[in-house]
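Colleague: According to TrEMBL:
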BINDING   Cys109, Cys209, Cys243  [4Fe-4S] cluster 1 binding site
BINDING   His281, Cys284, Cys309, Cys315  [4Fe-4S] cluster 2 binding site
BINDING   Cys324, Cys343, Cys346  [3Fe-4S] cluster binding site
DOMAIN    109-256  domain 'NADH:ubiquinone oxidoreductase-like 20kDa subunit'
DOMAIN    276-356  domain 'Cytochrome-c3 hydrogenase C-terminal'
Amino acid sequence: MSDRIEGVKKLFTSKSARVETNKGDAYYDKLFQTCQARIEELKTQQPINNRLDIGDVLETQGIERRDFLKWASAVTGMLMLPASFTPLVADAALMMNRAPVIWLELQDCAGNSEALLRSDGPKIDEIVLDIISLEFHETLQAASGHQAEKQLEEAIEHFKDKYLLFVEGSVPLGMNGQFGTIGASGETMHDHLVRVAKHSAAVVAVGSCATFGGVPAAAPNPTGAVGVMDVIKGKPLINIPACPANPANMVGVIIHYILTGQVPELDSLLRPKFAFGYRIHDNCERRAHFDAGEYVEEWGDEGAKNNFCLYKMGCKGPMTFNNCSIVRYNEGVNWPIGVGRGCIGCSEPDFWDKYAYERPMADAKIKAPTGGVEKTVDEFGLGLLTAAGIGIGIHAAASAFAGKKEDGGEA
Ligand code: SF4
Ligand code: SF4
């Protein structure tokens, strides 16, 4: 038993260095200068299509500059930049109306568009929908039919090689793509995506369907659904998975792009490390209970009432890389584990088939996600499978021990 306890201790006290948050003064000095130069250049450009000025919007909304800077400071922290970058991040937000965005919806439920609309911040929904130049979004815009198609063509032509292409939904490839067609011409979603991606500056796949196929790609996957990265090659591509993707991460990616002109540092699954560099389990509010071997054993039991760890109820937080345990959802009010439901691993590939049902991880025979973030998903994650089993073992032994005492056995 003592070996096992040592094993668990070692695992959970080992340095969790998946994301390099301090790259040294020289790195940040250089980056600061690059960002400064980029912001200055953007300032010389006119806002696209006379988009609103965020300064005016903040004033109209009665939002004080101090609150705006507080928000900029939070975003700076989220992007894992030093606090000295806060004024630059605020400036980047002011340049939102210089960033042309085209948003495509493919095989999906529109949950990510919905999440975006409910995003917070200094009225981030205004920022995103009114301030950034959202040139095309068929669900949110007034235009439809031929008018919408014309709008898309004009946006592609006008902002050739400059627009960010956000894609929501998976790409159905079955029956030559006939499971999903768009517009009067019946263009397949596949062709639609390839055509619009061709002249984008970068492609951002938003939500689990666009990134890894999501629910449409779950077995038996009748439509042959795949993620955007299986179709689009040769373009900078950023994956923002989760179901839905957290709007904070979408805004973070746009701000990062405006600030640096580059895609953020990505993991092997093309997810920004600032958002997907840590596991749910690393920052979970129930983590102390996991370490103490205190688990919910049945829905509604005493453990549930005391907010014990949900691992035995199938929580996949130990396998899942995402920042929802930190940024939460619905304006930071709460998140799934906070309301008593285990993580179903929605930001990992094949989550619906691999993670989304109730079973403890130790019995699941789950392979760690491909590649992993540095060596951690494979090595640390697989190690955890064993260690979690050990943790459960310790808990089981402790329960048996307690049972013995209650039965009047030897202590
Ligand atoms: S197993 Fe789930 S509920 Fe338990 S600490 Fe980890 S992430 Fe939190
Ligand atoms: S807790 Fe897990 S399932 Fe829930 S949103 Fe976060 S990553 Fe997805």
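Using the three backbone atoms N, Cα and C, a Cβ is placed for every residue, glycine included.
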Colleague: Excluding Cys324, Cys343, Cys346, please set out which residues of the same chain place their CB within 8 Å of the center of the CB atoms of the [3Fe-4S] cluster site, keeping sequence order.
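Modeller: Filtered neighbour residues, in order: Ala242, Cys243, Ile280, Gly317, Thr320, Asn322, Trp335, Pro336, Ile337, Ile344, Gly345, Ser347.
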Colleague: When the domain 'Cytochrome-c3 hydrogenase C-terminal' (276-356) is classified with DSSP, how many of its residues are helical, how many are strand and how many are coil?
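Modeller: Across the domain 'Cytochrome-c3 hydrogenase C-terminal' (276-356), DSSP assigns the residues as follows: 32 helix, 6 strand, 43 coil.
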Colleague: I'd like to know which of the binding-site residues Cys109, Cys209, Cys243, Cys309 sit within 10 A of Cys343 ([3Fe-4S] cluster binding site) at the Cα level.
Modeller: none
Colleague: Within 8 Å of the centroid of the Cβ atoms of His281, Cys284, Cys309, Cys315, which other residues of that chain place their own Cβ, given that this set defines the recorded [4Fe-4S] cluster 2 site?
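Modeller: Surrounding the site, in chain order, are Ile280, Arg286, Arg287, Phe290, Leu310, Tyr311, Gly317, Pro318, Ile337, Gly342, Cys343.
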Colleague: What is the set of residues, excluding Cys109, Cys209, Cys243, whose C-beta falls within 8 angstroms of the centroid of the C-beta atoms at the [4Fe-4S] cluster 1 site?
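Modeller: Here the nearby residues are Asp108, Gly111, Asn112, Gly169, Gly207, Ser208, Gly214, Val215, Pro216, Pro244.
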Colleague: Among the binding-site residues listed here (Cys209, Cys243, Cys324), which has the Cα closest to the Cα of Cys284 ([4Fe-4S] cluster 2 binding site)?
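Modeller: That would be Cys324, the closest of Cys209, Cys243, Cys324 to Cys284 ([4Fe-4S] cluster 2 binding site).
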Colleague: Which of the binding-site residues Cys209, Cys309, Cys315, Cys324, Cys346 have a Cβ less than 6 Å from any atom of ligand 2?
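Modeller: Once distances to ligand 2 are taken from each Cβ, Cys324, Cys346 fall under 6 Å.
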Colleague: Summarise the model's confidence over the domain 'NADH:ubiquinone oxidoreductase-like 20kDa subunit' (109-256) as a mean pLDDT value.
Modeller: 87
Colleague: Out of Cys109, Cys209, Cys346, which binding-site residues lie by ligand 1, with a C-beta less than 6 Å from some atom of it?
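Modeller: Correct list: empty, so none.
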Colleague: Considering Cα atoms only, can you say which of His281, Cys315, Cys346 is the nearest neighbour of Cys243 ([4Fe-4S] cluster 1 binding site) among these binding-site residues?
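Modeller: For Cys243 ([4Fe-4S] cluster 1 binding site), the spatially nearest of the binding-site residues is Cys346.
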